[in-house]
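Just below is one structure, and these are the notes that go with it.
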Amino acid sequence: MKVLSFLCVLLVSVATAKQQFSELQYRNAFTDWMITHQKSYTSEEFGARYNIFKANMDYVQQWNSKGSETVLGLNNFADITNEEYRNTYLGTKFDASSLIGTQEEKVFTTSSAASKDWRSEGAVTPVKNQGQCGGCWSFSTTGSTEGAHFQSKGELVSLSEQNLIDCSTENSGCDGGLMTYAFEYIINNNGIDTESSYPYKAENGKCEYKSENSGATLSSYKTVTAGSESSLESAVNVNPVSVAIDASHQSFQLYTSGIYYEPECSSENLDHGVLAVGYGSGSGSSSGQSSGQSSGNLSASSSNEYWIVKNSWGTSWGIEGYILMSRNRDNNCGIASSASFPVV
């Protein structure tokens, strides 16, 4: 009954918005979307999810009609509200306000380039999926650790997020955590198990780390100057970098392609851990741009520099699991506010 009551509230709240399509258009779009994403609902749930989908469809249409460089679409999160999305998929809670502007500028390499992409160098594992577990911090941690191990040992090994969720006790498993705490666990534990030996379950469990299954070790980690995108660029030239961002907005939830810029984003209140694997400039069409619903053309005043960011929501979200986030645009969404990378 609680689930039904909750869905009834959702049904009422989303049904009041002004509709932009005919009922037939909504129904056909929802039917196609359910087939594409292999979704099914109980009879009690269908009506609420349908109305949420319609509201998200309207939001996508309104956003894309403005010709933003950010293109939204009806991705795998199109049947949930923004509140549900935030409560289920965002698991890093961090206030960076005390750090920004208080640290000495850190430079990690003297070399620089117009672009960088660790994927092309073989340092990045395929996109993973955290499921309905707020363990984003663990995926960000394994991603940067996999990159550091690759550079040191010459082999790309997929590492265990479940190991971190179960055993990194400074963190809170599926209820959230910080990448720096996870680095400290790996350092103090003298290793992290491989993904194959300690597979992901998307739930909290008992720690079952086995040293004989360790896939990588770390000696330390480095932090990027809080708020400095030039320091972050220097770090990304050294290794894939774990970053915390503000991903709370509906525009991030429904991102499909283009360069992501959200004027309402916070650079201090961060709620999602992801992995910066490179940077570049341009429209983003050469970085795996998917078929969005609008052109996503850059306006003359818009920056076309971006960070290449690996997410942990599967390949149905974004550009095959990636997002291009605005670069050198006032630290949008806090991309450089809390960034760090490990050292083998």
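From the backbone N, Cα and C atoms, a Cβ is placed for every residue, glycine too.
Which of Cys133, Cys136, Cys207, Cys265 pairs with Cys167 is settled by Swiss-Prot: its disulfide partner is Cys207. When the candidates Cys133, Cys265 are compared with Swiss-Prot, only one is recorded as disulfide-bonded to Cys174, and it is Cys133.
Sequence-distant neighbours of Cys333 (disulfide bond) (same chain, 6+ residues apart, CB-CB distance under 8 A): Ile245, Asp246, Ala247, Phe252, Tyr260, Glu262, Cys265, Ser266, Ser267, Met325, Ser326. The DSSP secondary structure for Asn311 (active site) is coil. Distance between Cα atoms for Asn311 (active site) and Cys133 (disulfide bond): 14 Å, as a whole number. Recorded residues Cys174 (disulfide bond) and Cys136 (active site) have their alpha carbons 8 Å apart, per Cα-Cα distance. Relative to Cys136 (active site), the recorded positions with Cα atoms inside 10 Å are His272, the candidates having been Cys167, Cys207, His272. Straight-line distance linking the Cα atoms of Cys207 (disulfide bond) and His272 (active site), rounded to a whole number, equals 24 Å.
The Cβ of Cys207 (disulfide bond) has 14 neighbouring Cβ atoms from other residues within 10 Å, across all protein chains displayed.
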